[in-house]
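Student: Have a look at this one before I ask anything.
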């Protein structure tokens, strides 16, 4: 068995790579590691999923794995990933399990695991779970009354909506938003949350049938949202992915507001309100150089981490900071959650618009992005290729040619057999040329 956990849990093609048998093994192993019985009595686990078709099969397997290890299951049904993380903490569960492949196509699925308090797992805990799943460490297997039971949480969505309401001090009355729910886990709660806050809401791609999740919609396909915002004369559009742990925006003209621009707007607002701890923002190495420049000009320190909101969260926790995120739209507010929360991000972004009376385009203009080119190269062994001397020499040469006018980032994907090549430069043609040359080198190794 190869390593199961990537940068965001276990993920693969459902029923071939991520099978029901593997899901049961992983869940049983997670229960063994995270929910060993103690003086507090029987342990519980929160289980949720996105609406893709394979979710029902994998949910049954995960529930079987958890209960076979003596853990009671609190099934919250179809809800966003951040809702499962929140409910894991709110319901005092020993762990939480979200069944989702996030922005991936419908045939894929995944398993994300949260520890008590709704926190993502660190590498050491993942290693222990993998050891149990592989059979090198004994798993728990109680009998009789020791086997776990299952119950649903009928008010799970309402609990999450009430939690979101506490994060927005002002009304969104007067704002019109188009929200693209990607036919995913936010199809019910995102429009409800925005309406409850006072916004006029036009919901699109909010009719999941198990097969249409992320299909030409959501945060990876903004075309329908951009068109709808202009057609409805909306103030902005918000796009979520399949499990709603991310949020991207478009302005009234349909232009993209990415995660870096969203973080700029939020960081400046929190700075002005005295809520930005140590005037520090946490972002990943993928954030545009323009974000670094904007934060420096605003007197805000930018701390960078590895890619993945779990690493952003680690950076936030280690420094006690109050805002962090990724260019992809994962934004973390530690005061309100332990993982990226797309719906919360949308609320806070609109809250800043309502507070200032400014259009999102004007607020986002505080950051000017450098042209960025990202090329994904499919390879047989992503780590070996990324560490190849030939590739490393090519990166050094590209960096030398850019000098202070850009940067190069080359890294293996955490979820797929890809090497990602990213080049930023003041001239888009220079960035494109260097990115293509590096991608060619990667492909040739």
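A Cβ is built for glycine as well, from the same backbone N, Cα and C atoms used for every other residue.
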Student: Kindly point out which candidate in 102, 388, 401, 413 is recorded by Swiss-Prot as part of the Mg(2+) site with 241, 243, 245.
Tutor: 102
Student: For the recorded Mg(2+) site, whose residues are 102, 241, 243, 245, find every other residue on that chain with a C-beta no more than 8 angstroms from the centre of their C-beta atoms, and list them by sequence position.
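Tutor: Going along the sequence, the neighbours appear as 50, 80, 81, 100, 103, 184, 185, 240, 242, 244, 246, 340, 342.
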Student: Could you list the residues of the same chain, at least six apart in sequence, whose Cβ is under 8 A from the Cβ of residue 245 (Mg(2+) binding site)?
Tutor: 80, 81, 82, 102, 309, 330, 339, 340, 341, 342
